[in-house]
Amino acid sequence: MTGTARSALPLPQSPARALRPSGAARAAPSLSPSRFSACPLDPSSFPTSGNKMFIGGLSWDTSKKDLTEYLSRFGEVVDCTIKTDPVTGRSRGFGFVLFKDAASVDKVLELKEHKLDGKLIDPKRAKALKGKEPPKKVFVGGLSPDTSEEQIKEYFGAFGEIENIELPMDTKTNERRGFCFITYTDEEPVKKLLESRYHQIGSGKCEIKVAQPKEVYRQQQQQQKGGRGAAAGGRGGARGRGRGQGQNWNQGFNNYYDQGYGNYNSAYGDESYSGYGGYDYTGYNYGSYGYGQGYTDYSGQQSTYGKASRGGGNHQNNYQPY
């Protein structure tokens, strides 16, 4: 049996008929607010439309609420996020803000200096990577191998028309692995899915991330190494001069800004497309796609899913690279 089992689904005239029993189309599953996502959509995950900003130079102590309150004086803030280190949970010193109107961005830029929590911050108009296509493919982690393909079709089909489902197989055991890939015919179902980072599918809780091409994954790794290197200097400075003085922590955000933000996240989410894009995509490669922290060993890296049982058999401890 090949390493990856692909199940290509025909493109139906009506996704409700192709993926669900006959009758009225089911509504998308209701999504309870997740404690892991402070805002419904991560503004860093969508291409810029003129009303999105990158905010660099943030203090470690600045929260989403602080940033939102400050920028609300320039116009209505629809959404905001501050990127955090996936290991420590500490702010990485930059974030993104989405205004309702593009005119608000102009107002922010008209002011030469912006100071928040005792620090000069660096707001810029967000850049989008050229030629970026809207995300249509998602990675589903933490999926029980016992979940049937029909269950997967039923759940994800409720969000929109599915083009393809990929169910990777373990090349040694010929058994299903604990994750899959879903490709939709357009990007709208992906946006709906990412309104919640975690979804109850079958018998377990699964994490949803946007599938990133390997070249994007590698670019993210290079960017994140720069950010983490600066972070180390920042933490050292903080110990020597007191909290909030580690200026080097923020040096890494310039690299992120210069590279553009259309493909960051992660992750949406990553860390992302929260799902948040701010999660490191390290340790796992699947074909031409790169995936991140937690997929080499879900039980060890993602405590949300629980520890693997000592007796073995827990599907969450078998995410090893090909």
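Each Cβ is built from the backbone N, Cα and C atoms, and glycine gets one as well.
Keep in mind that this is a model prediction, so the values were computed, not measured.
Taken from Swiss-Prot, the feature domain 'RRM 1' covers 51-133. Mean per-residue pLDDT, taken over the domain 'RRM 1' (51-133), amounts to 89.
What Swiss-Prot lists as omega-N-methylarginine is ARG6 (among others).
DSSP classifies LYS119 (N6-acetyllysine) as strand under the three-state reduction. Feature annotation from Swiss-Prot assigns N6-acetyllysine to LYS119.
Secondary structure at SER144 (phosphoserine), as computed by DSSP, is coil. Annotation comment: Swiss-Prot describes SER144 as phosphoserine, evidence class a large-scale study or a structure entry.
For ARG310 (among others), the entry in Swiss-Prot reads omega-N-methylarginine, with the evidence type similarity to another entry.
What Swiss-Prot lists as region 'Disordered' is 1-36 (among others).
Taken from Swiss-Prot, the feature region 'Disordered' applies to 216-251 (among others).
The region 'Necessary for interaction with TNPO1' annotation in Swiss-Prot covers 245-322.
Positions annotated as region 'Disordered' by Swiss-Prot: 299-322 (among others).
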By DSSP, how many residues in the domain 'RRM 1' (51-133) are helix, how many strand, and how many coil? 20 helix, 32 strand, 31 coil
